[in-house]
Amino acid sequence: MYGFFKDMRPAVPFLTPFLRSDLKNYTAEEVDNEIYPLLSYSWMGFLLLVLLISDFVRYKPVLVVGGASYVATSVLWLWGERLEVMQIAQVVYGLATATETVYFSYIYVIVEEDQYKKATGYVRSTTLFGQFLASSISQLVITFDKNDYLLLNYITLGSVSLSFLISIFLPLSKKSLMSQRPLVEHDTTESQTEPCRGYDEPRPFTSRFKQFFQDLKTCYSDRKLIVWSLWWALATCGNNLEVTNVQNLWYAIEPASSNGGLYNGIAEALTTLLGALVSFSVGYMKLNWSVFGELTLGVMSAVEAILLVAMATTNNIWVCYGCGILFKTSYYMLITVASFQVARLLSVGRYALVFGCNNLLALVLQAVIVAIVVDRDTLNTGIRAQFLIYGGYFYMLAVIFLFKAVYTLTVNGWSDSWAKRWED
């Protein structure tokens, strides 16, 4: 229920039209270059803090803070008037967003290990359904109530307030993924431990940090994991840039004065629905991702580059919607594969560590790109030029992974690799 109401925020698909409307009356430059960029910076900073302290405070307090941050963000969006207040709202929004990683990690510390797979599927499906319902509600309100952005924000405030109240009653974690000694295999070799697992005895505070960095080193010692984690971080960075700025692009193609933004909710709803379907279908694909995963990442990154360039150059809002839906759907599919591959190379107890570090790297890179490309004190690039740059970014991603795939397949033998294309 916490995850459902947390993500049931119908104000989000129409945030840019709301800020640009007569209700707020901010200019395109203020929204693009002074308000939105702060989300990337704050998200990155708070994620690092959350990653370091969540285990020590047993997760729940971080979720409560996240719930309160969503409420505060909605309040500031509704009743804030000055530009500085909207900037503060984005900083608080960054804190709320940073707690997402903790939410999924929290599930693993309150359920038994044999329930991890079911719990993960349940949590992800409820959050996606919350997003789908939010997009559907927002579309209905905008279509039949003539751009009533205030109503969308009131519904959002009510939903996140419920999630905050629910977070207060969530159970406190009774175990920690970092604060105990590694589990020992139940055999005659007493010194053998299984890295990146769970723990069973309390350890001193300083030892926790030593264990943290030791686990970090151990988990990233696998070359295959590094490859998948690298794509995870780079692609998530690009996806975040698209998500953060796509409403500005929609508005540039078709402003609110000419019914722009009228179908943003449909686009968001279809994106979420298709993303959920492809993410679910990945579990039934028989392709041997260990053999052809890199090639798939390279090819799909090239496709995503083409989609972003098409979005940047088209003057047809429906083409932009369609390309955006395909871009996000492909990302949902590939990030699901990446998560699965990383999970195969890890024991479940260290999901939070590796997932969090991958996302942190994505946010660091995102902040650097925003600071160079978007910030008004640097290039101060227009929205169409931004998407051309993002397309070039994914093109470079495609080149890197295609070269890596060709090298790997050549070393392993193309015929042998083809023979292993399907999983047993």
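Even glycines carry a Cβ here, placed using N, Cα and C.
Sequence annotations record features per position, and here TrEMBL assigns transmembrane segment to 35-54 (among others).
Residues 2, 6, 9, 11, 15, 18, 50, 53-54, 85-86, 88-89, 92-93, 95-96, 98-100, 102-103, 106, 150, 153-154, 156-157, 160-161, 163-168, 170 of the same chain lie 6+ residues outside the transmembrane segment (61-79) yet bring a C-beta within less than 8 angstroms of a C-beta in it. Annotated transmembrane segment per TrEMBL: 61-79 (among others), in sequence order.
According to TrEMBL, the transmembrane segment annotation covers 91-111 (among others).
Tertiary neighbourhood of the transmembrane segment (123-144): same-chain residues 1, 3-14, 103-104, 107, 151-152, 155-156, 159, 261-266, 268-269, 271-273, 275-276, 279, selected by CB-CB distance under 8 Å and a gap of 6+ residues from either end. Marked as transmembrane segment by TrEMBL: 123-144 (among others).
What TrEMBL records for 150-172 (among others) is transmembrane segment. When Cβ-Cβ distances below 8 Å are used as the criterion, the transmembrane segment (150-172) is approached by residues 1-6, 8-12, 14, 18, 23, 58, 60, 63-64, 66-68, 70-71, 73-75, 77-78, 106, 110, 134, 137-138, 141-142 of the same chain, each at least six residues removed from its ends.
What TrEMBL lists as transmembrane segment is 266-285 (among others).
Counting residues 6+ beyond its ends, the transmembrane segment (291-311) has Cβ neighbours under 8 Å at 227-228, 231, 235, 238, 242, 246, 249, 319-320, 323-324, 326-327, 330-331, 333-334, 337, 341, 387-388, 390-395, 397-406, 408-409, 412, 417, 420-421 in the same chain. What TrEMBL lists as transmembrane segment is 291-311 (among others).
Per TrEMBL, transmembrane segment is recorded for 318-340 (among others).
Sequence-remote contacts of a segment are chain residues at least 6 beyond its ends whose Cβ falls under 8 Å from one of its Cβ atoms, and for the transmembrane segment (352-375) they are 32-33, 36-37, 40-41, 43-44, 47-48, 50-51, 54-55, 101-102, 104-105, 108, 177-178, 196, 212, 215-216, 219-220, 225, 229, 232-234, 236-237, 240-241, 245, 339, 342, 346, 381, 386, 389, 393. Here TrEMBL flags 352-375 (among others) as transmembrane segment.
Among residues of the same chain six or more beyond the transmembrane segment (387-407), those with a C-beta under 8 A of the stretch's C-beta atoms are 227, 231, 234-235, 238, 241-242, 245, 249, 292, 294-295, 297-299, 301-302, 304-309, 311-313, 369, 373, 381. The annotation transmembrane segment is assigned in TrEMBL to 387-407 (among others).
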| Near the transmembrane segment (35-54), which residues from the same chain, at least 6 beyond its ends, have a CB less than 8 A from one of its CBs? | 19, 26, 62, 83, 86-87, 90-95, 97-99, 101-102, 105, 240, 244-245, 248, 352-353, 356-357, 359-360, 363-364, 366-367, 370-371, 374-375
| field | Spatial neighbours of the transmembrane segment (266-285) far in sequence, C-beta under 8 Å, 6+ residues away | value | 12-13, 124-125, 128-129, 131-132, 134-136, 138-139, 321, 324-325, 328-329, 331-333, 336-337, 340
